[in-house]
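Undergrad: To start, I am sharing the structure in question, which I have written as structure tokens.
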Amino acid sequence: MKTLLLTLVVVTIVCLDLGYTMTCCNQQSSQPKTITTCAESSCYKKTWKDHHGTRIERGCGCPKVKPGVGLECCKTDECNN
């Protein structure tokens, strides 16, 4: 009986995927790729132009942006590269 109960608990944990965390890229502009673990369920990539040229910011979540700033949000690991 204990074995059956333990088996059910393990199967439940595996099926629910408890503890899953999303990973998003967080490098800026043309820097080498870096990844961070996120509590949010999405990643973002913001783009805008300034006197240096096109700027890119990546991270976790899906923030609000000002007019003139491009925003792409996505929901799979490292989808914002």
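Note: Cβ is positioned from N, Cα and C throughout, glycine not excepted.
Heads up, here are the entries from Swiss-Prot:
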- 1-21: signal peptide (SIGNAL)
- Cys24-Cys43: disulfide bond (DISULFID)
- Cys38-Cys60: disulfide bond (DISULFID)
- Cys62-Cys73: disulfide bond (DISULFID)
- Cys74-Cys79: disulfide bond (DISULFID)
Undergrad: What are the non-local neighbours of Cys74 (disulfide bond), defined as same-chain residues 6+ apart in sequence with CB under 8 A from its CB?
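TA: Looking at Cβ-Cβ distances below 8 Å from Cys74 (disulfide bond), excluding near sequence neighbours, one finds Ser42, Cys43, Tyr44, Asn80.
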Undergrad: Excluding near sequence neighbours, so keeping only residues 6 or more apart in the same chain, what lies with its CB under 8 A of Cys62 (disulfide bond)?
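TA: In sequence order, the residues whose Cβ lies under 8 Å from that of Cys62 (disulfide bond) (at least 6 apart) are Glu40, Ser42, Tyr44, Leu71, Cys73.
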Undergrad: Between the Cα atoms of Cys24 (disulfide bond) and Cys79 (disulfide bond), find the distance and write it as a whole number of Å.
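TA: A Cα-Cα distance of 7 Å.
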Undergrad: Would you say which of the disulfide-bonded residues Cys38, Cys60, Cys73 has the most Cβ atoms within 10 Å of its own Cβ?
TA: Cys60
Undergrad: Would you mind checking how many other C-beta atoms are within 10 angstroms of the C-beta on Cys24 (disulfide bond)?
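TA: Looking across every protein chain shown, the total is 25.
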Undergrad: Using CB atoms and a 10 A radius, I'd like the single residue among the disulfide-bonded residues Cys43, Cys79 with the highest neighbour count.
TA: Cys43
Undergrad: If I take the alpha carbons of Cys60 (disulfide bond) and Cys79 (disulfide bond), what is the distance between them in whole Å?
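TA: Between the Cα atoms of Cys60 (disulfide bond) and Cys79 (disulfide bond), the distance comes to 11 Å.
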Undergrad: If one measures from the C-alpha of Cys79 (disulfide bond) to the C-alpha of Cys38 (disulfide bond), what distance in angstrom results, rounded to a whole number?
TA: 13
